[in-house]
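Comments concern the structure below.
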Amino acid sequence: MTKTRPMMLLVAVALLAIGIIQYKVGMAGEFVLMGAFLAITLYRTEYGLYLIALSLPILTYRPLLALILLFVLVLFVTAQNYEKLKANLKNHLNLAVFLFLAILLITALTSVNVIESLKQFMLYYFISFLLYLLLVMKLDTRETLYRFIVCLVLSASLVSLYGVYQYFTLQYTSAAWVDASQNPGLSKRIFATFENPNLFVQYLIMILPLNFALIFYSKSLGNRVLFALQFALISLAVVLTFSRSGWVALFLGLGILATMISRRLLVVGLIVAAVSVNFLPDTIMTRILSIFSPQTDSSSAYRLEMWPSAFAMIRDFWVTGIGSDLTTFKKVYTDYMMPGVRINHFHNIYLMNFVTGGILAILLLLYMFYQSLRTAIVSLFMNDKKDKLLSYMAKAGIGSLIAIASAGMFEDVWHQYRVDFMFWILLAILSVVYNLARARKEQVQE
């Protein structure tokens, strides 16, 4: 595993360079990238998975889409162990994911603007489902799972480094991201390769628990130091996004993870947090304190003003929802909107799914989250501390899931393709951990 890390770093740097120059070379560069990816995946299938993990926060949507579709093509043109693939698909989480995607498809088909809804479904949810299935089927060994997660952490470290660089080189960021009246010392928030800081932090809070678990899983001091440095870098990027919802979500996710690893870790963490409060810059302290007075901050107040409209729409359309296309949403929302509160979504995945898909959509969303947690917990019991990697990754998956589920109360975590893909990757990791723990248990019983 140690020998592969320098190669992963080289590939990640190369992908970062490709992501930058693709704007210059256009389609020609993308075709070269696709050809290289196809050749590498045909050579070793798992290498294609690592490249997807490395390129996730770096490449734009079109190249990422092409990578996923090329991987599907490789599965069709190469020999596969179909019995093993089918076995990997047999668990309750996979069924919950399928049911949720099915209700999203039904919602799209019954929308007023069917074409617009189907386009959104196919380009985001269906492609995400394909990515989920690919990972569940092909991350079929603990070594492949470990390397894939290392690649996720490595690419997150690179974009975090870019984000920190951004903080020291940008003069200011969009005024829409900062309430200057409440945060006079805050002039910039990092967003790296993402569209805004809130999207960036949603991606990072799913990575950090995995990174944290790798520190404790690693057997060598060198690996522990490396993962600890990456954790510090990504954590710094989270701080510099100045995203309060991200901070709260990460606090919950890491707190639960630390408790599962060792209760002493939680105590130490709380002591460190209490002491560090005395040394935090005023800009960070002001931002933290504003969490407890949402009415005084324009961003928080904006959410509080839009949510009553969501409840009113749910009251009238709770059975079927209004449909998933943006055109219909805007048209219906105008009848319920508060004066001056113009939005494209409700900054809350639970309210948004209830409004667009009705009672079945919200129930299946909650069922999917329930099965995700249940799958991770069952994996822990099946593994029974026999395999450290599976144990730590199940715990990390719970931490990441709690973090993103919490963030989903204040943000639309499926609003941007990189965050959307990472969410389904996280669920796939939980499914893979379950499959590996089950296979290990069955092997022992034989």
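Note that Cβ sites are derived from N, Cα and C of the backbone, with glycine treated the same way.
Curation does not apply to TrEMBL; its annotations are automatic.
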With TrEMBL as the source, identify the stretch among 305-325, 326-346, 389-409 annotated transmembrane segment. 389-409
Give me the DSSP three-state residue breakdown of the domain 'O-antigen ligase-related' (231-366), ordered helix, strand, coil. 106 helix, 0 strand, 30 coil
The transmembrane segment (200-218) touching the transmembrane segment (421-437) per 3+ Cβ pairs under 8 Å rule: yes
Near the transmembrane segment (249-280), which same-chain residues lie under 8 Å Cβ to Cβ, leaving out any that are not at least 6 residues past its ends? 201, 204-205, 208-209, 212-213, 216, 238, 288, 392, 395-396, 398-404, 406-407
Residues outside the transmembrane segment (225-243) whose C-beta sits under 8 Å from one of its C-beta atoms, at least 6 past its ends, are 5, 153-154, 156-157, 159-161, 163-164, 167, 178, 183, 186, 189-192, 197-198, 200-201, 204-205, 207-208, 211-212, 214-215, 218, 250, 283-284, 287
Criterion met for the transmembrane segment (349-369) and the transmembrane segment (389-409) (at least three Cβ pairs under 8 Å): yes
